[in-house]
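Enquirer: Starting off with a structure, shown below.
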């Protein structure tokens, strides 16, 4: 990738496949920001994935529950934990790699104005057979105790309205510029200059 910061839109990506790609890149020194973590997908039906998460919730230190493992409910933390498991996070190299990673639900500023990319090898439509069942990470998180799905959805609706307004203005401006340049190229002065080789 080799850009200063790569912003990945996680919508409709498979959790594990995206995590492995990101883990490789952050270890190689690439700074990565992941947005819309709540729109990630996990293969398999919702009920099965919920049972798997409840199995994970039962894992705890027998004599002192505060010692871990810690069961994060937010989609951003679930993705972070998946990536952390693919990085040697207890070494200096692994810690430095994880510091190059940021994960968000929704698309907060300033990343709403940055160009976002997708990871083709992790996209659900390219990886899952059509008709196979899948689960949205936001839905799974909400079912196990994440409380902010409505808040993120509301903020995303506002962002989409702002984005549509900006795009409409940009399109109108581009149209004006193209029509003005077309008019200028058809003028008598332009024809005369063209005859002199300009």
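Each residue, glycine too, has its Cβ placed from N, Cα and C.
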Enquirer: Can you tell me which of these residues Swiss-Prot lists as phosphoserine: 43, 76, 88, 179?
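Expert: Going through 43, 76, 88, 179 one by one, Swiss-Prot flags 43 as phosphoserine.
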Enquirer: Looking at Swiss-Prot, which of 178, 185 is flagged as phosphoserine?
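Expert: Record says 185.
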Enquirer: Which residue from 163, 187 is recorded in Swiss-Prot as phosphoserine?
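Expert: The candidate carrying the phosphoserine note in Swiss-Prot is 187.
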Enquirer: With the cut-off set at 10 Å between Cβ atoms, which of these modified residues ends up with the most neighbours? Options: 43, 181.
Expert: 43
